[in-house]
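Undergrad: Handing you a structure now.
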Amino acid sequence: MTTPIPTPYEDLLRDVLANGSHKSDRTGTGTRSVFGRQLRFDLADGFPLITTKRVHFKSIAYELLWFLRGDSNVGWLRENGVSIWDEWADERGELGPVYGVQWRSWPSPDGTHIDQIQQVVDTLRRDPDSRRIIVSAWNVADIPDMALAPCHAFFQFYVADGKLSCQLYQRSADMFLGVPFNIASYALLTLMVAQQVGLEPGEFVWTGGDVHIYDNHIEQVNEQLSRNPFPAPALRFARRPESVFDYRYEDFVLEGYRHHPAIRAAVAV
């Protein structure tokens, strides 16, 4: 008997369709929404890139590298053919103190800045049992200056039995467009950090707050749910860079990504 392919993401889409409340939202689009859901992905079972539609891995990888640069301008993304942040950028390409700035340069009261990512790597090497291996993008003082408040706001690393796991808290979860990117992005980051600190990959745990499907995505979601999934692809590294900040797109080797065609949908801005 063939073992069914797990479909936690697609199962959550069905949950939102069946149980979601109708809510208004900042964009004026309207959503079906549930509150407080969790998905778990064992990274030993493959790389969690959704197969029931094509997900653009290049954009995911370059966005993560852009975060790790501590960048707040879309110029570097555009140079590499990635346009996913263009809708929020100003005429100079600026977004304000968004994810990368908070990850790499969190402002301290004394005028210095904290590199949260470097702290994560250092703590994993020095004290892997710490319960404080955390990165936050939710800087309350800076939110008014951000083009978009952080949706994926807070993540924590955890080490047990020689394996590195990561849990993300996503306060606002656009299930059709955003969440497939977020799952793959943080799974990739977990694999990168695990390689850097000499641990095996464990789980990626995704926790969502306001988990929603936009009203203008319902048709696309139903089309996606009519498709049978393929087995998860694999992700390996072409080399081991000197640090977590030295990875290049060419270092990520995605193998065996079978997928259904892409499904187009409008972004709620």
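Cβ from N, Cα, C; glycine included.
Keep in mind it's a predicted model, so treat the numbers as computed, not measured.
According to Swiss-Prot, the active site, nucleophile annotation covers Cys151, on the basis of sequence analysis. According to Swiss-Prot, the dUMP binding site annotation covers Arg26, Arg131, Arg132, Arg171, Ser172, Ala173, Asp174, Asn182, His212, Ile213, Tyr214. Per Swiss-Prot, (6R)-5,10-methylene-5,6,7,8-tetrahydrofolate binding site is recorded for His56, Asp174, Ala268, and the stated evidence type is sequence analysis.
Set these features in their place in the structure for me.
TA: Neighbour count (other Cβ atoms within 10 Å of the Cβ, all protein chains): 18 for Cys151 (active site, nucleophile).
Its Cβ taken as reference, Ser172 (dUMP binding site) is surrounded by 20 other Cβ atoms within 10 Å in the chains shown.
In this view, Ala268 ((6R)-5,10-methylene-5,6,7,8-tetrahydrofolate binding site) is surrounded by 20 other Cβ atoms within 10 Å of its Cβ, with every protein chain counted. A coil conformation is recorded for Ala268 ((6R)-5,10-methylene-5,6,7,8-tetrahydrofolate binding site) in the three-state DSSP classification, outside any helix or strand.
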Undergrad: With the dUMP site defined by the record as Arg26, Arg131, Arg132, Arg171, Ser172, Ala173, Asp174, Asn182, His212, Ile213, Tyr214, how many Å span the farthest pair of C-alpha atoms?
TA: 36
Undergrad: If I restrict to non-local contacts, at least six residues apart, and a C-beta distance under 8 angstroms, what lies near His56 ((6R)-5,10-methylene-5,6,7,8-tetrahydrofolate binding site) in its own chain?
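TA: Long-range Cβ contacts: Ala262.
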Undergrad: Could you tell me which three-state DSSP class His56 ((6R)-5,10-methylene-5,6,7,8-tetrahydrofolate binding site) falls into?
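TA: The residue in question, His56 ((6R)-5,10-methylene-5,6,7,8-tetrahydrofolate binding site), is coil (DSSP, three-state).
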Undergrad: Among all chains shown, work out which of the binding-site residues Arg26, Asp174, His212, Tyr214 has the most CB atoms within 10 A of its CB.
TA: His212
